[in-house]
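A.B. asks: After the structure tokens below, expect a handful of questions from me.
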Amino acid sequence: HEGFRRDFKIDILELYPQGLIKIGEWNSSLRQITDLQRPAAVNFQKNLGDNLFNKTFKVLISITPPYGMLKETTTQLIGNDRFEGFGIDVIKELSYILGFNYTFVLQEDGLYGNINKTSGEWNGMIREIIDGRADLAITDLTVTSERESAVDFTMPFMNLGISILYRKPEPVPPSLFMFASPFSFNVWLLLGVSYFIVSLSFFVMGRLSPSEWQNPYPCAEEPSYLVNQFTIRNSFWFTMGALMQQGSELAPIAISTRTASGVWWLFVLIMVSSYTANLAAFLTVETLVTPFNDIDELAAQQEIKFGSKKNGATANYFRDSNLTKYKKVWSYMLHHPDLMMDDNDAAVVKVENENYAFLMESTTIEYVTERHCTLARVGGLLDDKGYGIAMRKYSPYRNDLSTAVLQLQEKGILTGLKIKWWKEKRGGGKCASKSEGSEATPLDLKNVGGVFLVLYIGTILGTLGSFAEMTKCIYRRAKRENISFKEEFLKELRFLVQFKQNVKEVNNTPLDGVSDRDLMDSTKTLNYVKMDWK
């Protein structure tokens, strides 16, 4: 009537990701909303992968072990079956989660993507994605701010940093005098000075202490003279016997000398124990020497050449860095373009055969050192970055792919894939098996040869010293008694070779260090003792 409607109801709709959904209705008679009920959030949330389900993507890859490789087989393969590697498996796992299809396309020139500063044009994989000739790109493609301005990346599927690849540290060749290594030169020097000072102290204390002056003939109640056991030679011999833990026939009598002896023995106990413990480590553990320990030492030296991948993210990192030490590294690279490598394989060969260090990503270094046992990583990480999957700018698939990558991380699938391609496949793990054994190895002559050398030299010097002492004694006797030195010397030699003779005729020769007057006094005392005994 008159174009007006009465007693009607209007559905109330709201827009959700799935579309328009009825949440209630408006009644004209009641002039109010009835049956208002919004659906629960779980009822209208979009399922992960709805945007990618059953879609087909062209995925760019490069032949870069272990991210992308051609299968080693005698059977002719076509399509995706030709390829294998870490990146191949990551795309496969993502397709299981998101339900998309994929076709791998090989990047023929092997370039990842760099911008020409003059023209502003990109090359490599980044160019292919920008032009729409590929949908995704996965390899060891570093996420950088420069690349992020041209394409989008998923969240990193692998975190890493720049480090240094160089030959393994070489063990120090054993020294002939390695037994002296437990103590530094200063300690050995101070030990010798201490030995000399303590020996002189015993000599002085022996002469000062009345208790150390003893009767040489205990049977004589009133001796004409007293003797002291701590002569200069005996003092040095006493401290040496304690130092070598062999002791001597000397026994301190005075409180002062006994106190000094106890302190010296305690000192010797600590020093010998420390020496023994440290010697075991020096003889059984190999000491490795590397010519540098970090990027600062590498940049400061002149003998070892170094470089990185030409036009790679590593080189760009040093180019754009504001740190002085990294500017120095970039300046070196800039002035030595011949040291910049086209690919990692050529760099590995150069590091093995020349005195060359290569700056590259830590994950690639891990892969290389698992297969080349002469190479190792030197120093820590210089930065923190990651590898991501590249796609067109403002791609609607970015969030879904990043969420799927996160799921692979949470489930440990990415870790399992890394173990598979780094340590198990394509010759991985052979270097780790060689370094697992830590059994003790027997000491060779090159480890302890110096001890034998010292022993033989000491024995020879001692023997020569005995001959010199005998010669000196014969010379004095020959000069005093006016006899032939040659005859006396030959007489002593003849007696020397008579090994069964243990009793020697007494010569009327003053003892070395004892005067004739002392001998006369000693004779009188002995005569007195004999008369008293009778």
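Placement of Cβ uses the backbone N, Cα and C atoms for every residue, glycine included.
So TrEMBL has the following annotated:
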DOMAIN    66-131  domain 'Ionotropic glutamate receptor L-glutamate and glycine-binding'
BINDING   THR142, ARG147, THR314, GLU361  L-glutamate binding site
TRANSMEM  185-205  transmembrane segment
TRANSMEM  263-283  transmembrane segment
SITE      ARG319  site 'Interaction with the cone snail toxin Con-ikot-ikot'
DISULFID  CYS373-CYS431  disulfide bond
TRANSMEM  448-470  transmembrane segment
A.B. asks: At a C-beta cut-off of under 8 Å, are there same-chain residues at least 6 beyond the transmembrane segment (185-205) that contact it? List them, or none.
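C.D. replies: 212, 230-232, 235-236, 238-240, 243, 254, 256-257, 260, 264, 267, 271.
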A.B. asks: CA-CA, which of the binding-site residues THR142, ARG147, THR314, GLU361 lies nearest CYS431 (disulfide bond)?
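C.D. replies: For CYS431 (disulfide bond), the closest Cα among THR142, ARG147, THR314, GLU361 is found at GLU361.
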A.B. asks: For the transmembrane segment (263-283), could you work out the same-chain residues 6 or more beyond its ends whose Cβ comes under 8 Å from its Cβ atoms?
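C.D. replies: Result: 178-179, 181-183, 191, 194, 198, 239, 242-243, 245, 443, 447-448.
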A.B. asks: Determine the minimum-neighbour residue: among ARG147, ARG319, listed as recorded positions, which Cβ has the fewest other Cβ atoms within 10 angstroms?
C.D. replies: ARG319
A.B. asks: Measuring CB to CB from THR314 (L-glutamate binding site), give everything in the same chain under 8 Å that is also at least six residues away in sequence.
C.D. replies: ILE162, SER308, LEU359, MET360, GLU361
A.B. asks: If we check Cα distances from CYS373 (disulfide bond), which of the recorded positions THR142, ARG147, ARG319 wins as closest?
C.D. replies: THR142
A.B. asks: Around the L-glutamate site recorded as THR142, ARG147, THR314, GLU361, what other same-chain residues have a C-beta within 8 angstroms of the site's C-beta center?
C.D. replies: TYR112, ASP140, LEU141, VAL143, THR144, GLY312, ALA313, ASN316, TYR317, LYS385, TYR387
A.B. asks: Quiz question: given the disulfide-bonded residues CYS373, CYS431, which has the greatest number of C-beta atoms lying within 10 angstroms of its own C-beta?
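C.D. replies: When each Cβ's neighbours within 10 Å are tallied, CYS431 tops the list.
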